[in-house]
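Feature annotations, courtesy of Swiss-Prot:
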type: BINDING; residues: 78-83, Lys110, 128-129, 178-183, 223-227; note: mRNA binding site
type: COMPBIAS; residues: 16-25; note: compositional bias 'Basic and acidic residues'
type: COMPBIAS; residues: 26-36; note: compositional bias 'Acidic residues'
type: DISULFID; residues: Cys133-Cys171; note: disulfide bond
type: REGION; residues: 16-56; note: region 'Disordered'
type: REGION; residues: 60-63; note: region 'EIF4G-binding'
type: REGION; residues: 70-106; note: region 'EIF4G-binding'
type: REGION; residues: 154-163; note: region 'EIF4G-binding'
Amino acid sequence: MVEEIMKSEEQKLIDVNKHRGVRSDGEEDEQLEEGEIVGGDADTLSSSSSSRPGTAIAQHPLEHSWTFWFDTPSAKSKQVAWGSSMRPIYTFSSVEEFWSLYNNIHRPSKLAQGADFYCFKNKIEPKWEDPVCANGGKWTMTFTKAKSDTCWLYTLLAMIGEQFDHGDDICGAVVNVRARQEKIALWTKNAANESAQLSIGKQWKEFIDYNDTIGFIFHEDAKTLDRSAKNKYTV
């Protein structure tokens with residue numbers, strides 16, 4: 001299913017991407033800041049495809065709207081409280097909107113060290129304090145430096161394509177770029193539902209062909225124990 005979505009939508013967006021500064025090989029014509037979208041602000045992206053004759057694309061709506069968030073390392077160094085530097089980039093509601101955004105945003109391997117890039121269901125903030133996330137937890141995968149790009153894409157496609165049996169329990173995903181490694185975490189909202197969490201963890205590994213053992217940590221444990229928090233579930 002992931003491969004089908006990629007193949008069916010890639011051709012539809014060629015014309016849109018051409019006038020947004022993306023070449024056919026997927027590279028941007030100009031160097032961007034981390035998380036920056038080609039063409040300026042969100043209003044430009046949302047209106048540009050409809051402003052030119054002949055570039056209209058039939059929309060394929062997603063079951064949920066999703067929002068990309070970005071936390072830049074330079075802003076985090078000045079923040080007063082955790083999460084205060086986190087900002088939403090754009091909300092998308094269709095397959096076409098997703099691809100036009102994805103093709104204009106840096107991959108994890110191109111982000112600065114210390115950057116965090118999120119994709120969460122609309123109206124859910126990627127914070128422990130968010131009411132939807134408060135009783136949840138996260139599965140985490142670890143990758144060597146600059147090796148998470150494909151797995152990040154496949155994680156996004158599995159989420160927005162509703163490929164998980166317990167998709168309603170998923171809040172979103174985040175990729176953390178650090179000095180020696182990158183991590184992708186899948187956030188869920190009901191950590192105590194063991195069967196649902198195990199199902200999500202197993203399916204996630206299958207979707208992106210990840211062979212190492214992964215662990216699930218409750219947000220509550222992470223808040224109180226920090227780095228000492230232990231995995232409650234593993235798959």
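Cβ coordinates come from backbone N, Cα and C, glycine included.
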For the C-alpha pair, I'd like the distance in angstrom between Gln181 (mRNA binding site) and Cys171 (disulfide bond), rounded off.
24
Taking only the residues in the region 'EIF4G-binding' (154-163), give me the average pLDDT of this model.
98
Kindly assign Lys223 (mRNA binding site) to one of the three DSSP-derived states: helix, strand or coil.
helix
In the region 'EIF4G-binding' (154-163), how many residues does DSSP call helix, how many strand, and how many coil?
7 helix, 0 strand, 3 coil
Translate the DSSP assignment of Cys133 (disulfide bond) into the three-state scheme.
coil
What is the number of residues in the region 'EIF4G-binding' (60-63) that are helix, strand and coil, as DSSP sees it?
0 helix, 3 strand, 1 coil
DSSP state at Cys171 (disulfide bond), helix/strand/coil:
strand
Under 8 Å by Cβ from Cys133 (disulfide bond), same chain, sequence gap 6 or more:
Ile124, Glu125, Pro126, Lys127, Cys171, Trp187, Lys189, His219
Cβ-Cβ distance under 8 Å to Lys223 (mRNA binding site), same chain, at least six residues away:
Trp128
In three-state DSSP terms, the structure that Gln181 (mRNA binding site) belongs to:
strand
